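Asks: Here it is, the structure in full.
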């Protein structure tokens, strides 16, 4: 086999290298590659064989260990009492009253049979007691696991299955068991072991000795193996000889013609070659019954040589007139097809067709008429059509398809001119009709064996390639391609209608798949007809539709190659569309080539992703790599389609819309896409569509951030009053769908939606307030929104209406976050802004910042009270664990806010400049801070002492220590000022009062430092435990 791969690589390398000095290098390189490939394939096969053998050995080892472990309880049961015997239990078998060898044999057989079946009639003498249950005084049933009975005992209510009868005695000594009974006992032990582990007994008996079957060879390995098999089996010399002779004769004729080396007239030379070919045909026909392979090889080679000879006589030498040459080619093509059909030989027809298609290529001089070439190929394709009428030979169909369109495309690339349209278009139409008819005949011929099978390559490849060639022929025609697409749509819809009428008949149901394929093609070309009238770039869109159709056929018929080719084609269609470029402001809005082409690519990709996700290909279950490839491919196609959909819409809006309306139109398009995705995911139960709708909230957040950064306008400017409410309405609908599906991220998405909406409302409120009032009212107005939303959430917590009851803990946490956000936002504004109340005069407390601070304090008080009640009711939940840290953080936040409010008041009343350095150097600001902080510390120490709250007292003491430190480090520098005197005297008096009225509370006995002692708990008894017990 290794030598076969080396020879095959040597031949292919030499052919690919061409002529000249590269032949030997290419042949040697091909031989090396073939050898390495052969070694690789052999290594893979050895690994597969070793894996299969290892699995078989593992199973044998497991089964053997199971038999040994289950054979131990099959020893003498109940202390020497053999099941089914008439004697009472004894101390052992060797001490039983019956030592007759025949009796021992019978008992052994009975015991083996009962171990195998668990119950059943005894064999041989003593059968009268077999039906009675064994009442063993040793109680051996207790030693067996629950749910199992001792061998020989019948479970209550169970029927007695028949057991095998023991074969005649073949013992070798006393107590020996028969061979049949031993086998039965072994089977019973295996069955009992399988039952003990919860498996049926039949599984233990019927399990194969090897594991899973060997994996199927890959497509490359299969192709190489078939090629090597063809070259290394059968009559190899004849096969190779025919091929080499055919090539040699072709080159010999060309060489002789070019150099005029033969003096024999060309007519006689051609007649000699033709006579030799006829002899090959006659000999092959006569040997068809005795040496079939040899005969078919001779006939195929003779047919190919005759094709070459007739074509050379007509095309090169002009010895035959066109009508006569055409007639001879028709007769020869028909005769070759008849020979192949009569002998059911694919090899013959393939050899003949290959020779016929290669004849113009091998004997070409670069000069001549394309009409003659295409007429010749038309005859060959007519022969293939005739063969398809009788035989479903897909290889022959694909061979003709490949040669016809590849050679025709190459000719068109090199020689076509617009003035040749009239002589070229009829051949393209006829080729198109031929291969549609061949695809139809293939579906009909394969129907008895494989219902609903169509040749996807011909059904979908023929219109795609023909349409591409038609686009090349119609270059320069304004509406030619559009008319061609419309004609193709009418053709396929007409064929589909005819087939649909036949599908209604029960015996024609196998044409349903082909009918559906033609309907899909009709819809595709009808869709392309209108935009193609405007833009010739729709070839890429046609590729996308073709790819979707291939994926559909591949998933429907279990053909992985078609599915993979279709998916690849869709990716390339998008790349090709990009290469044409996005033409700015071309055509009507939306109804232009840019949008329609992008939408077709997007919808085709999404359709293919749905097909790959919804259906599992049979071949993917057998090839491991496909099981992982198809899910990844479905994800890639879904992302590709979604990207094309969103990108096309965004590009069209950015190109057509005004600058002020662009973001809001983008938002509406994004919202509509999210709604459609969620609706499709729900209706089709499509998981990927539902997951894509989940990304709507992050998209909204991103659009809000981009709008805030890049736009000078507020969110409700222009169409914002419509776009943003519509966007959040869609988000609410998506949340309803997530709740209905029980999504794990629904709670987080509820919280994110509330926070995003609150932030946008706050920014809008700040913008509107800033436009209406001249002072610093905008920040205060924005800070009020989080508190209002938090109060609304707490108000709705007991209402049955959606959404708060659906996620109560989530909304409670969201309310806490909003309260914290309000406090933090106010703290930041207090540091940055002086709180100018213009156009009003400044009044302490009655100014924008202080009013916002009072409202924040009210909201915080309500939220903390609610949280306390919840923590008392849910003592072991997460809310109780997080209560104390949040209270500390809120306290620190309000300390900062009240301090900033005090500084703002001094700024307005004492007319201190709003600057960090000026405020720090102001004696009045420092005195006010010292007194205020001292009062806070005083209050904390008094409350902590009165309520025995040690931590509160320590916090107040910390404030007092901070004030004292500030007096000596900052206020002491202001010597001789009234403010310094007031600071020191005031703080000193506060400390004296605290020391008298609020001493430090004692530490709790448990040492937690909180200072809280339950009122109903008595003080600890200092008496030692020993004395109390006495």
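Cβ coordinates are placed from backbone N, Cα and C, and glycine is handled just like the others.
A quick note: this is a predicted structure, and the numbers were derived from the prediction, not measured.
Per TrEMBL, the features are:
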TRANSMEM  6-37  transmembrane segment
REGION    63-219  region 'Disordered'
COMPBIAS  64-81  compositional bias 'Low complexity'
COMPBIAS  95-109  compositional bias 'Basic and acidic residues'
COMPBIAS  183-213  compositional bias 'Low complexity'
TRANSMEM  236-256  transmembrane segment
TRANSMEM  348-365  transmembrane segment
TRANSMEM  371-390  transmembrane segment
TRANSMEM  451-473  transmembrane segment
TRANSMEM  561-578  transmembrane segment
TRANSMEM  590-609  transmembrane segment
TRANSMEM  663-680  transmembrane segment
TRANSMEM  715-736  transmembrane segment
TRANSMEM  748-767  transmembrane segment
TRANSMEM  888-907  transmembrane segment
TRANSMEM  927-944  transmembrane segment
REGION    1003-1030  region 'Disordered'
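Please situate the listed features within the shown structure.
Replies: Counting residues 6+ beyond its ends, the transmembrane segment (451-473) has Cβ neighbours under 8 Å at 394, 397-398, 401, 405, 408-409, 412, 416, 421, 424-425, 428, 431-432, 435-436, 438-439, 442-443, 481, 484-485, 488, 492, 509-510, 512-514, 517-518, 521, 525, 536, 539, 542-543, 546, 549-550, 553-554, 556-557, 559, 562 in the same chain.
Beyond the transmembrane segment (561-578), the same-chain residues lying 6 or more positions past its ends with a Cβ under 8 Å from any Cβ of the stretch are 219, 456-457, 537, 539-541, 543-544, 546-555, 597-598, 601, 604-605, 608, 612, 617, 629-630, 633, 636-637, 640, 644.
Only residues 6 or more beyond the boundaries of the transmembrane segment (748-767), in the same chain, are considered here, and those with a CB under 8 A from a CB of the stretch are 694, 697, 700-701, 704, 708, 714-716, 724, 728, 731-732, 734-735, 738, 778-779, 781-786, 789, 793, 803, 806-807, 810-811, 813-814, 817-818.
Distant neighbours of the transmembrane segment (888-907): 819-820, 823-824, 826-827, 830-831, 834-835, 844, 847, 849-850, 853, 856-857, 860, 864, 913-914, 919, 922, 924-925, 928-929, 932-933, 936; these residues of the same chain sit at least 6 beyond its ends, with a Cβ under 8 Å from one of its Cβ atoms.
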